[in-house]
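Following: one structure in structure tokens, then a few remarks.
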Amino acid sequence: MYQIDRFLLYRARRQRIASGGNIQAKPFSTFSIFAPLAPIGNYCIKIPFVTSLIPIKHCVGVFVFIVVNLIWMLFAPFAISEGQTFSVQSIGLMDRRAAYVGMVNWSIVFVLGSRNTIITRMSGLTFEGLIPFHRWLARIGFAEFVPHFVWRIIHGYQHEYIVKDALFRNVEQGTGTIAMIGFLLLFVTSFEFIRRNYFEVFYCSHIVGIIIAIIASCWHEAGCFYYFIPTVLLWFFDRCWRSYQSWFTPTKLVQVDPVAGHPSTASKSPEGITRVLFEYQRLKHYQPGQYFFLTLVNKTRNRFWNYANWHPMTLSEVFPAREDPLTTGHAQLNEKMAVEELAGDKKKQMDDTGSGSGTSASSSGDNSFISNLRRRNMHQDMGSFHMKALGGYTRDLLVESAGNEEFEFRMDGPYGPRLEYQDYKVMALFAAGIGVTPALTLVKDCVEKRAAGVHTVITEKVHLVWALRTVDELDAFADQIVYWTEQCRHAAEPLVLDIDLYLTRPPEDKSTHHHWLQDLSGVRVTFGSRPNIPQCIDHIASNANGAKVWLHTCGSDDFMRDILNQGIKRQWSTHRETFEF
């Protein structure tokens, strides 16, 4: 069905090009037969102590999967003998059945945890979209191992009533115990608290735990080879391809510098942002909203295990290689004047107030440099990451970026879906904090294509609602907003920008409750409050004039859940970005 949809989409876009952009209807989708169930199935809920964001359709799918597992454990084989299809089995047989079904689930877990598989290529599902299923199948499989493990402990102890025999009565018993320790290590270190706050612990324990579990399981029971080895080989090939991409694809680190916050307060405040500017050959395959895995290692502390710090990051901006400048004449002059005016205003504000962030002094030069990157001729694609100092890794990076340290930089990607916003007349983007980065690339892509008169992009209105903490965070991305407005002013195809910025922590001086971005057309800045989600959604719907909206959000789970459910009620096409690795 996904491949049929891709063909229909391709044909519809060809028709738009041939007609000069007059055909604007979104093509028929084979998935539309499920449209009546979409508002219920896509509705997101919170399950206490389990997950804070999961669609109802996934809950139903997991329940059905558990039922199928129980059927296989209780009733397989369906024909025990001629004329007999079911009989009550002994505990010693049922626990083995549960273990074998668990191994089947774990064999699928390896496939769902691989970044490059035939599943992602053929189904349209992406790596980060499959990761929740990876976790669910792993947990179900682990739960199916537990009856086998517990019964064998009881059985081993009852043999001679020796405590040691409960776990290590013989080689088979001992290897089973070691395998279970490996699976237990995986299970315990995969909880969200550890995964998000101690990613290195999660990552390393995954590698160590799975090696222990696989070797011990195959030693414990030869039948495990049939389940584990084929999928492990697929994972190994995926690992080889990822290593080739990250170690042999040319990558050049251009600049690492703090653009918001002061490095000296990085350990106390989560407001600092580090910008990484780089060249990467595979950027030509990048689609807006996709992400990369990267490792950025300080050369003065270069240790082998530091290369295990592979972190998923979305790009904040792409500077594609161009043979000619993107625009000429008044548009280029206007943006230059706007950026220079921005630098002058910021310098004047610093002189008047005598305060500012540690990075403000050099911001005007940085803005001019980045502004030139958007238009200059170059032969290599460039991109940028913006990383907020939220954890130990990013806080250390903020401090080191201000100290002129040398870094070793590797990348793997891009990964993620093709976000088909261009088939909708209205695009709505909601972001919280640094979660704005995928929205930035989407807006820039839309603005540049509409400015260039690309007929396959029918988007006429873009709404961006962004909640952030401080003015410093906003200033780190202000020059991008300037660029968008200038491109829209001279676009070949009309595009309306509607940008709402909410600063939840305004300056203490109420006289400064005005930001220069408010002087740009379509930009509103609100101080001291958060966005009212229902009100923002109603505003977008009232301005859509009945057109279907493409909705994207990135932020905390509670933030995204409210936005997604509001969009689902209106039958909008929704997408969320979150890394649940």
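From the backbone N, Cα and C atoms, a Cβ is placed for every residue, glycine too.
These figures come from a predicted structure and were not determined experimentally.
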Could you check which of 27-47, 174-194 is flagged in TrEMBL as transmembrane segment?
174-194
Using Cβ atoms and a strict cutoff of less than 8 Å, what residues sit near the transmembrane segment (98-115) while being 6 or more residues removed from its termini?
69, 72-73, 127, 130-131, 133-134, 137-138, 140-145, 147-148, 217, 223-224, 227-228, 230-232, 234-235, 238, 242, 412, 415
Do you know the DSSP helix, strand and coil residue counts for the domain 'Ferric oxidoreductase' (99-216)?
100 helix, 0 strand, 18 coil
